[in-house]
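Asks: Quick one: this structure, given as C-alpha cells, is what I'll be asking you about.
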Amino acid sequence: MKNNIITLTQSLIQRPSISPDDQGCQQLIAERLQAVGFKLEWLPFGDTLNLWATHGEGKCIAFAGHTDVVPIGNESQWTYLPFEARIVENMLYGRGAADMKGALAAMVIAAETFVKHLPNHQGKIALLITSDEEAAATNGTVKVVETLIKRNEKIDYCVVGEPSSATQFGDIIKNGRRGSITGNLYIQGVQGHVAYPHLADNPVHNALKFLDELTHYQWDKGNEFFPPTSLQIANIHAGTGSNNVIPGELYVQFNLRYCTEVTDEIIKTKVTEMLEKHKLTYRIDWNLSGKPFLTPQGKLVNATLEAVEKFTQIRPHLDTGGGTSDARFIATMGAEVVEFGPLNQTIHKVNECVNIDDLAKCGEIYYHILEKLFNEQ
C-alpha cells in the first residue's frame, strides 16, 4: 500500500485546495473508489463539495477527512514549494501533507485494498470527505451528517484522520473533544466627555467587577477524561480612539472550552446571572461551535489501540485535548468516534511535512481497524 498512499498524497497536495475550494481532489479520490465498486453520492452545499462513498450493507464503519487546506502564508519562507509535494530525506513536504491529505490518502488506499481483498465483506465501509473543515465548517461534514440523519442512515464507527500524534507517531488517539462556545457581549453605557463623567456612563468601569468574576469563576474540576472547563477573553474593545471621550459601549468576546461536567445551557444561564447581578445593560450573542463528546473504551477504541500498537510498537495514550474537529458532528449520530493520524508538529506552518513511513503505517493501521471490527460483527 505504501507506494499508492505516497503517490495519492502527492497528487492531492499538488492541487491547491485552499478552503473551501476542492480543486479536483475529491474527483481524484472518487475515481479510485468507484473503480473498486464504491457507490458515490455528491452532496454539494453552497461553495463546498462533499463526497459520501459507500461499499456494502450493514453496520457502518466510516473514515472521515477533508481535502481543504489553510493558506500557505509567505511562499518565500518555504524551503520547498508548498504545492510541489517533494520528498526529501523521507519527509514529504507540502501544504496539507500532515493536515490531512496524507491520512486521507491512507484511508482511501486502505479501504480500496480491503475491498479488493474482500469484495463481499460484512457491513458497510464509508468515506465522508469534505472541502470545508479548515474555515467556516458550515457546509461540510455538519451538512452531510444532517442529510444522513434525515434519511435514517447510521454511522456506527468513525475514524477521523486528523493528525493526532504529538511527539511520536502513534502516541495519541483522540477519543473525545471538549465543547466550544463563544459569547459576544455588548455592554451599553452613555458616551460623553472625560471631563464631565457625571454626564456619561462608562461601560468599561461598570463591567470591571463582572469581568473579574467571569474570569475567576470555577466552572468545574474536570473529570477522569477531561481537564476543567476554561474561559478566556479573546477580544475586547471600547472607545473611539480619542483620549477625551468616554466610550458608549464595551465589546467583550470570550470563549469557553468545556467538559462534560457542564452544558452550554448551564454556561449561558450562569453568565446571565452574573450580568444581572452586576446590573449591567447588555446584549449577548452566543455561538456554539460544538458540544463535548467522549467515546469510552469499546470496540472502536480497542481496535484502534491494538492496531496502533501493532504497527508502532508503542502503547498510545487516549486524549481529549486540543481544539474542535469534524468529529464533533459525527458524534451527534451516536457513533463511536476516534481521531488518529500523523504527527501534528508542522500543521498550518511553513514547511508542513509528514514522514512517508508514518503514512504507510497509517494505511496499515486503518486496514487493521477494518479487519478487527468486521471480524467482531
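Cβ coordinates are placed from backbone N, Cα and C, and glycine is handled just like the others.
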Asks: Looking at Swiss-Prot, Glu134, His348 are annotated for Zn(2+) 2. Which of Asp99, Asp171, Asp285 sits in that same site?
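Replies: Of Asp99, Asp171, Asp285, Asp99 joins Glu134, His348 in the Zn(2+) 2 site that Swiss-Prot records.
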Asks: Looking at Swiss-Prot, which one out of His66, His193, His198, His205 binds Zn(2+) 1 in the same site as Asp99, Glu162?
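Replies: Candidate in the recorded Zn(2+) 1 site: His66.
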Asks: At the Cα level, what's the spacing in Å between His348 (Zn(2+) 2 binding site) and Glu162 (Zn(2+) 1 binding site), rounded?
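Replies: Here the two Cα atoms are 13 Å apart.
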Asks: I'd like to know which of the recorded positions His66, Asp68, Glu162 sit within 10 A of Glu134 (Zn(2+) 2 binding site) at the Cα level.
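Replies: Near Glu134 (Zn(2+) 2 binding site), where near means Cα within 10 Å, the recorded positions are His66, Asp68.
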Asks: If you take the centroid of the Cβ atoms of Asp99, Glu134, His348, the listed Zn(2+) 2 site, which other residues of that chain have their Cβ within 8 Å of it?
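Replies: Apart from the listed residues, the neighbours are Val69, Val70, Gly96, Met100, Ile347.
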Asks: Using CB atoms and a 10 A radius, I'd like the single residue among the binding-site residues His66, His348 with the highest neighbour count.
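Replies: That would be His66, with the most Cβ atoms nearby.
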Asks: Whose Cβ lies within 8 Å of the mean position of the Cβ atoms of His66, Asp99, Glu162, the Zn(2+) 1 site, other than those residues?
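Replies: Along the chain, the qualifying residues are Gly65, Met100, Ala103, Leu104, Glu133, Glu134, Val160, Gly161, Pro163, Ser325, Gly341, Ile347.
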Asks: Once the DSSP letters are reduced so that anything not helix or strand counts as coil, what is Asp99 (Zn(2+) 1 binding site)?
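Replies: DSSP assigns Asp99 (Zn(2+) 1 binding site) to helix.
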Asks: List the same-chain residues at least 6 positions away in sequence whose Cβ sits under 8 Å from the Cβ of Asp68 (active site), in sequence order, or say none.
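Replies: In sequence order, the residues whose Cβ lies under 8 Å from that of Asp68 (active site) (at least 6 apart) are Ser17, Ile18, Ser19, Pro20, Asp21, Asp22, Thr130, Ser131, Asp132, Glu133, Glu134, Ala135.
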